[in-house]
Amino acid sequence: MNQMWGSIEQYNTVVWHWPIAVYLFLAGLSAGAIISAIIIKWMKGNESSPWDGIIKAGALIAPLTIGAGLLLLIFDLTRPLHFWKLLIFYNFSSVMTLGVLALFAYFPVVLIFLLGVFKKELCDEGPFGFLAPLANIAYSMARPLEIVTFVLAIGVGAYTGFLLSAMYSYPLLNTPILPLLFLASGISAGISGNLLIGLLFFGKSTKGENVGYLHGLDFKVILFEAFLLFILFVGMYYQGGSTAEVAKAALTTGGLASLFWLGVAGMGLALPVVLNVALPHGIKHSSGFVMLNALIVLAGVMALRFYILYAGQTFVG
């Protein structure tokens, strides 16, 4: 197999380019943000207003990132003005159709969650008083709405992996581990996004115990991601034949191998773990370090999306 250097746009086997990688990142970030926000909301002491800053952060991040991701996806289509057809003509054997249906249900419920959390700012004192009935639903039916939102968010997070795993002729993508890996990394990104935005913009209402809980949860999720990546490549190697060659090439060939070892394994997985193990308790639980760690994790998750998308399409056996 020839070594490949330079821009990753040069590889003629690549049909999905960087906008898809960014979309996959934003969709996972949205799902992870709302999942971790709901987890915090369900904890004792966080069930009612005034809301913790992490809940506020998740309520903002979830609809904004999925909205931005969908716009990016639409404009990346060869014929973006025909996107509406996906909403009318369903093919239930298509992963794309099932994903669109999940997103079609997910987007409204995260908007209602946002209205419930920011009811005072948006409806009572803001310009969106006409949306107060929806905000009231978020209050009166909080737990059922949150359960539905939580389940849909898991579906959206996993769907980003299913979308790629349906590409049967690409060994690195066509694996059942990918949906779980993308869900886990999306949750990690969502936790980091909530910690970053919560501490930056809602610091006064962000409880230290909630920050500590999510920071510790993210550490566990990162270890789980590393385990999934290990299983992914070991499994491919022991399948033998061209699949083993693809696994070897993806880890050793050109700029994509560098992206994996430096961006995914190094920055995204090893660095947060080492910092959290090596640094004194006072430093690693400070707001400054938590925000820095969140930025590192977000960059690592973005690197993972780019790596899987491009390496999966480049190394095909």
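Cβ atoms here come from the backbone N, Cα and C positions, even for glycine.
Small disclaimer: the values here were computed from a predicted structure and weren't measured.
Features as listed in Swiss-Prot:
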- 20-40: transmembrane segment (TRANSMEM)
- 54-75: transmembrane segment (TRANSMEM)
- 98-118: transmembrane segment (TRANSMEM)
- 147-167: transmembrane segment (TRANSMEM)
- 182-202: transmembrane segment (TRANSMEM)
- 221-237: transmembrane segment (TRANSMEM)
- 259-279: transmembrane segment (TRANSMEM)
- 289-309: transmembrane segment (TRANSMEM)
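The transmembrane segment (147-167) and the transmembrane segment (259-279) are not in contact, since fewer than 3 Cβ pairs between them lie under 8 Å (pairs 6 or more apart in sequence).
Within the chain, the transmembrane segment (54-75) has long-range Cβ neighbours (under 8 A, six or more residues past its boundaries) at 19-20, 22-23, 25-27, 29-31, 33-34, 36-38, 40-41, 46, 83, 103, 106-107, 110-111, 113-114, 116-118, 153, 156, 190, 193-198, 201-202, 205-206, 210-211, 214. Taking residue pairs at least 6 apart in sequence, the transmembrane segment (20-40) and the transmembrane segment (289-309) share three or more C-beta contacts under 8 angstroms.
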